[in-house]
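The following features are taken from Swiss-Prot:
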type     : residues : note
ACT_SITE : SER125   : active site, charge relay system
ACT_SITE : ASP181   : active site, charge relay system
ACT_SITE : HIS213   : active site, charge relay system
Amino acid sequence: MSSGRIAPLVFPAASQHTATVIFVHGLGDTGHGWASAVENWRRRQKMDEVKFILPHAPQIPISVNMGMRMPGWFDIKQLGGDVDSLIRNEDTEGIKLSQKYFHNLIQQEIDSGIVPERIVLGGFSQGGAMSLLAGLTCTSKLGGILGLSSWLLLSKTFADMVKPTDANRQTPVMMFHGEEDPIVPCERGKLSAELLKGLGYDVAWKTYPGMGHSAVPEELDEVEAFLRKQLPPKN
């Protein structure tokens, strides 16, 4: 994966900056793809103390796109098929590079003076998958983790990567999924949620009938409510 990265799209806090949300886009998208959702969250609920960071994935060769470059957090070698096959074909190197990137992004916010419990990491599809992995393996306790239409990466070895005393063992995790998702099957997300629950993580799982690989207003409203709950105004 290329080390060259475009600086994230940033929505500064409208008042004193006391919290940060890092929201991560999916394959082929950019941070701009989620700008309108962020603008709605900011406008409707007046999260004036929250800074929103929308990172941009680097342009990398994507196997399912005939090796052509597109924005991606890691390579996708196959779409569809059984879960075991999908896991065997994970781009472990690319995943770990992005995991490090998000850990560094979180640390930058902490270094700027934001308490880690006032940071939420979340995303959609590939971005949600990275958020789950990076969030749960972060050494600082976060305020919350969100995975929309996503799944747990490195699931076969995840249990060996974590321990009961980890900082984010009790961090609230919310996973949302469309029941008609043709790209990341709902069952894959459900298995991920069940695996995490089995390991003792605080995971809430919700599905949306008729929803494909996308986001619907009801889901975005629930994300908004989660952010308000985890990041209430301090001033």
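Glycine too: its Cβ is placed from the backbone N, Cα and C atoms.
In the structure as shown, the Cβ atom of HIS213 (active site, charge relay system) sits within 10 Å of 17 other Cβ atoms.
Across the structure, ASP181 (active site, charge relay system) and HIS213 (active site, charge relay system) are spaced 5 Å apart at their Cα atoms. If you measure from the Cα atom of HIS213 (active site, charge relay system) to that of SER125 (active site, charge relay system), you get 8 Å. Other Cβ atoms within 10 Å of the Cβ of SER125 (active site, charge relay system), summed over all protein chains shown, number 25. Counted within 10 Å of its Cβ, the other Cβ atoms near ASP181 (active site, charge relay system) come to 20, all protein chains included.
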